[in-house]
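Taken from Swiss-Prot, the feature topological domain 'Cytoplasmic' covers 1-4, 50-56, 127-139, 199-223, 279-301, 406-424. Per Swiss-Prot, the feature topological domain 'Periplasmic' maps to 78-105, 161-177, 245-257, 323-342; the stated evidence is sequence analysis. Taken from Swiss-Prot, the feature transmembrane segment covers 5-25, 29-49, 57-77, 106-126, 140-160, 178-198, 258-278, 302-322, 343-363, 364-384, 385-405, 425-445 (among others), and the record attributes it to sequence analysis.
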Amino acid sequence: MHSQIWVVSTLLISIVLIVLTIVKFKFHPFLALLLASFFVGTMMGMGPLDMVNAIESGIGGTLGFLAAVIGLGTILGKMMEVSGAAERIGLTLQRCRWLSVDVIMVLVGLICGITLFVEVGVVLLIPLAFSIAKKTNTSLLKLAIPLCTALMAVHCVVPPHPAALYVANKLGADIGSVIVYGLLVGLMASLIGGPLFLKFLGQRLPFKPVPTEFADLKVRDEKTLPSLGATLFTILLPIALMLVKTIAELNMARESGLYILVEFIGNPITAMFIAVFVAYYVLGIRQHMSMGTMLTHTENGFGSIANILLIIGAGGAFNAILKSSSLADTLAVILSNMHMHPILLAWLVALILHAAVGSATVAMMGATAIVAPMLPLYPDISPEIIAIAIGSGAIGCTIVTDSLFWLVKQYCGATLNETFKYYTTATFIASVVALAGTFLLSFII
């Protein structure tokens, strides 16, 4: 049995190893996580074959569920992108004269972000911000910051986004419940971290016009876009199916045939599978796309997820090593003796890891590995709440280590100092608000 000092030192060194190899030596996170897994296994006295078996089972067990859902989600997001469905939502909300432009951008980010990776969402939706900025003579920062904050919030707390789905799966949380809680917390965090924060700044927020190099980026002709009803139906269908499953689990007899049917169609894999074929028809065939064209778009979409799948698989390996080496059990005892609330601990670990590594996905996987062992010691706190707490932490501290920081800086034509002052601060405020929302939810449910 290893001493607590040895266990804590091993864990801390493994985290430092991950950060250094990614930030300093430019290792891919997949390799960094695998290296840390071998390091922990060796330091905890695992045999070579035991380490390999744990890594293999960790990768397989994690991707066995997530690979299918992420793949199907990628198709759904790609169809949203190529059909112009995301722009349809933005243009429709733009007509709501009772909403301010910054609130509109939050809603666009939240709704469209459900099916889009955060970086893809920024690239796809920023022309809408450009268009509104030109028409209303508004500072681009007032539009881009709420949009990007909302996209980041959804990315971290709402499945079927890969990191949020990974955390929910590893903690044994109900995915439908996490979706509902995540949307509530994400909306509150985005509105306060975006529009309310910018309103507080007032005239101190500098005016930023659309950068000249992006002046030619335009929103597509509205006549070529799918209808709003078709767009919303496609986005919300898989979420609705998963929520029906959650409701059924609370209210239906488990022996009934209807319950089995609802469990089947509400499973994330089945729900996303159904949604993909609805998207093919509603956003593809009805928009005069051929099956060959949709096949090409699907293949192009799959090319972009190899990176995230490998990172998530390696995160599963790291998690498996922590469990197999008994480090997780000892860590649970140590953390419980710290007398720090598990919600605060989950948030803080994810926040620090995001700042250090620059990837919200890696941060959430690392936080899950650290926090999960102590959950059995707190039966009154649901895994859904801890999942939201981890995601809330990962929203914050979007700094120079994160590619999203540079994307926002480039599109807004902002200086490094301005991006720190306005966007990094916005994400940190959103993260703190999300933490407060998570605590509030924990008292209610």
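A Cβ is built for glycine as well, from the same backbone N, Cα and C atoms used for every other residue.
Put simply, of 57-77, 106-126, 343-363, the stretch with the most CB pairs closer than 8 A to the transmembrane segment (29-49) is 343-363. No contact links the transmembrane segment (140-160) to the transmembrane segment (5-25), because fewer than 3 Cβ pairs that are 6 or more residues apart lie under 8 A. Note: the stretches the transmembrane segment (385-405) and the transmembrane segment (178-198) are in contact (3+ CB pairs below 8 A, sequence gap of 6 or more). Beyond its flanks by at least six residues, the transmembrane segment (364-384) meets 11, 15, 18, 33, 156, 163-164, 166-168, 170-174, 177-178, 181, 311-312, 315-316, 318-319, 322-323, 328-329, 331-332, 335-336, 342-343, 345-346, 349-350, 353, 357, 390-391, 393-394, 442, 445 of its own chain at Cβ-Cβ distances under 8 Å. A contact between the transmembrane segment (5-25) and the transmembrane segment (302-322) is absent, since fewer than 3 of their C-beta pairs, 6 or more residues apart, lie under 8 Å. Outside the transmembrane segment (178-198), and at least 6 residues removed from its termini, the chain residues within Cβ reach (under 8 Å) are 100, 102-103, 105-106, 109-110, 141-142, 145-147, 149-150, 153-154, 157-159, 164, 168, 205, 239, 242-243, 246, 384-385, 387-388, 391-392, 395, 422, 425-431, 433-434, 437-438, 441. For the topological domain 'Cytoplasmic' (50-56), same-chain residues at least 6 beyond its ends with a Cβ under 8 Å from one of its own Cβ atoms are 34, 37-38, 41-42, 317, 320-321, 323-325. Through the fold, the topological domain 'Cytoplasmic' (406-424) approaches residues 119, 122-123, 126, 140-141, 144-145, 148-149, 198, 201, 205-206, 208-211, 214, 397-400 of its own chain, all at least 6 residues removed from its boundaries and within a Cβ separation under 8 Å.
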